[in-house]
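Visitor: From TrEMBL, here are the annotated features:
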DOMAIN    23-87  domain 'Formamidopyrimidine-DNA glycosylase catalytic'
REGION    254-355  region 'Disordered'
COMPBIAS  312-321  compositional bias 'Basic residues'
COMPBIAS  322-337  compositional bias 'Low complexity'
COMPBIAS  338-347  compositional bias 'Basic residues'
Amino acid sequence: SAVGRGPEVPFCSEAYRISAASRGKELRLTLAPLGPGAPLDLVFRFGMSGSFRLCPAAQLPRHAHLRFLTGESPPRALCFVDARRFGSWRLGDAWQPGRGPCVLTEYQAFRENVLKNLDDRAFDKPICEALLNQKFFNGIGNYLRAEILYRLKIPPFEKARTVLEALKDQEQERRKKNPALTLSKKLKLMRESPDLLELCHTVPMEVIAAEKKLLEPDHADNYAAFKNWLQCYLVPGMSTLRDRSGRTMWFQVGARGPCTSSHTGQTPRKKRAQLKADREALTPKVSTRASKRRPRAAAKPLKAQEEVDRPRKGHARRSRKATAAPALSEPEAALKARGSRRTSARRGRGETGSP
């Protein structure tokens, strides 16, 4: 479309087949001609509102930014629809670099990638923020993180490393007790007492495996089914708080964990008032004359209270003069100003003022 932000797709064929493969939050389409010609790959990212829809070509939905037309009569169109235009596509078959193994299709590699990299700085953050890091949790988004943490009753602002190191210890202990667990026994244990990394796999699988299209907003019944499936996200009675990236985190009342101002990106009101009072206490009051002569020194707050009480060398004499001069009363100030104007006027006419 004219307002689409993606690149032009240099592909033309009378008949072709479209196949798809997904990895985390990305989808790769392969356009393969049924006749001569080379196939072409496109990799999509969906943003917050991107989706594919199949509809009559004469009734294109709004924001249909890329369209694949069928050869039937009347033709239909497979459209990439994205109202907010956060989604995108690019040419080629390469997945975006920096994304970790997929939580769905590469579960074992995903689990190992997290547990062997717990010293990474990404895990210094709260667990709710770490879950959105696609380098380690490729495929987890905002509603999934809320559902996963809610089911395990994990405080969302608990430090990620604290939560995940416990899983590492549990896994080592489990291997010591059962060194020869079969795959079926591992799956049974996963179902009975899943940990956080296992829920990163099973919770999105529930959505995919559901019989209804839970995320189809055009059908009220299907969207209602998705809302009924949610246990935490958008559920009345839950608490909300913004993380440092500005995303709203949904969690159970009273279970947010050690949340500080750095998590929300805001400074508490009491702390702001205290910081202002401290700055005012440490900043010396400088007279008007001194501030004009040395603006940099006057504007710089001193480090300690004793520096306020003890003037620096070279400034002591000026400060004494500035503070020792008695303030003039209003009538005296007016008379002095009038006298100075008369003196300047005489000088302009060549006269000499009285001594």
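Start at 1 and count along the chain as shown; that gives each residue its number.
Cβ coordinates are placed from backbone N, Cα and C, and glycine is handled just like the others.
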Visitor: Going by DSSP, how much of the domain 'Formamidopyrimidine-DNA glycosylase catalytic' (23-87) is helix, how much is strand and how much is coil, in residues?
Guide: 3 helix, 33 strand, 29 coil
Visitor: Summarise the model's confidence over the domain 'Formamidopyrimidine-DNA glycosylase catalytic' (23-87) as a mean pLDDT value.
Guide: 93
